[in-house]
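J.: One structure, pasted below without further comment.
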Amino acid sequence: MASPGYRRLLAAALLPWCCAAWALGHLDPPSPPPLVIWHGMGDSCCNPMSMGSIKKMVEKEIPGIYVLSLEIGKNMVEDVENSFFLNVNLQVGMACQILEKDPKLQHGYNAIGFSQGGQFLRAVAQRCPTPPMMTLISVGGQHQGVFGLPRCPGESSHICDFIRKSLNAGAYSKVVQERLVQAQYWHDPIKEEVYRNCSIFLADINQERHINESYKENLMALKKFVMVKFFNDSIVDPVDSEWFGFYRSGQAKETIPLQETTLYTEDRLGLKKMDKAGKLVFLAKEGDHLQISKEWFTAHIIPFLK
């Protein structure tokens, strides 16, 4: 029969293991990855009819998730104005600072960009690897740019009228490039050399002047890059840009898919390697620009956020 001293020694030795086993059995479930959202042209971070609604939907579908909807400016009015008139490179820099300072994002986050917010968040992924972006979802983003005049009916229609006139007057002039957001991803397939030399944003993040290896490495670090294309899009021209396709160089009628572009065949951004590794996801949806139902969003987007 064991002595009292031996029993006490055995109990002392087993106690930490018992406590550890009990603790492991009562661990809280891991928190879902945080989510960062960037709105599109003429929208704001917190519009209850758009990004505010998306934020609430995600929070309902994924309990406990932290959602940050980026506000570029001091308030919603500035946020809307900046989506038209603040240099995109400055906007991306501001977004990077916001993300870097947020303690809830330091272990990584997922991101959803709506319309132009899609290519803006891709720029964040390429330029600012800290904190790390895990999955990027681009909903109607224009990753090869646009070559069509923007249409935005409603309250912003007068601004779009001004944008059309400015782009017609000279999309690649220095003053238009520096002061008009949409000019900074204007891609003229008939004037490719002018575009490459004068585009202050898109030509840079698409590696069309020179190769920045860090851009490539940072984008390839994504777990998934999801692109949503709208078949009946009346805003984005060409719509293939939403899947990284574009017009064949030298004309503006025939479009080619991503896999036939120089960007892909020369793998200037790492997209070819990502495609082969199964990291690129192409989703298609009937309907016009950003026309998304709650049911579609829940079925096709929410699974990437868990």
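From the backbone N, Cα and C atoms, a Cβ is placed for every residue, glycine too.
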J.: Regarding the disulphide bond with Cys45, report which of Cys19, Cys46 Swiss-Prot records as its partner.
T.: Cys46
J.: Tell me which of Cys96, Cys160 Swiss-Prot records as disulfide-bonded to Cys128.
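T.: Record-based pairing for Cys128: Cys96.
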J.: Which one of the disulfide-bonded residues (Cys45, Cys46, Cys96, Cys128) has its C-beta surrounded by the most other C-beta atoms within 10 angstroms?
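T.: Checking each of Cys45, Cys46, Cys96, Cys128, the winner is Cys45.
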J.: My understanding is the cutoff is Cβ-Cβ under 8 Å with a sequence separation of 6 or more in the same chain; which residues meet that for His289 (active site)?
T.: Ser115, Gly140, Phe230, Asp233, Ser234, Ile235, Val236
J.: Other Cβ atoms within 10 Å is the metric here; tell me which of the recorded positions Ser115, Asn197, Asn212, Asn232 scores highest.
T.: Ser115
J.: For Cys128 (disulfide bond), which of the recorded positions Cys45, Cys46, Asn232 has the nearest Cα in space?
T.: Cys45
J.: Of the recorded positions listed here (Cys45, Cys96, Asn212), which is spatially closest to Asn232 (N-linked glycosylation site) when Cα positions are compared?
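T.: Nearest by Cα distance to Asn232 (N-linked glycosylation site): Cys45.
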J.: About how far apart, in whole Å, are the alpha carbons (Cα) of Asn212 (N-linked glycosylation site) and Cys45 (disulfide bond)?
T.: 31
